[in-house]
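K.L.:
Copied straight from Swiss-Prot:
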COMPBIAS  1-16  compositional bias 'Basic residues'
REGION    1-59  region 'Disordered'
COMPBIAS  28-44  compositional bias 'Basic and acidic residues'
Amino acid sequence: MAVPKRKTSPSKRGMRRSADALKAPTYIEDKNSGELRRPHHIDLKTGMYRGRSVLPPKD
């Protein structure tokens, strides 16, 4: 079994754990519909992605 040679300092432990926190999801306002959507995702209301129609729009 592997055993650490030195004690991990609180600073190093904190730096390792800094990526463990949950982050709130990011939303942006769509330019065309004004709806909130995730960046780099299809706008489900209009079916548009990067200026092109990908899905049929929802009514």
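Numbering starts at 1 and runs along the chain as it is shown here.
Cβ atoms here come from the backbone N, Cα and C positions, even for glycine.
Map these features onto the structure and tell me what's around them.
P.N.:
Among residues of the same chain six or more beyond the compositional bias 'Basic residues' (1-16), none has a C-beta under 8 A of the stretch's C-beta atoms.
For the compositional bias 'Basic and acidic residues' (28-44), the number of residues in each DSSP class (helix H, G, I; strand E, B; coil) is 0 helix, 5 strand, 12 coil.
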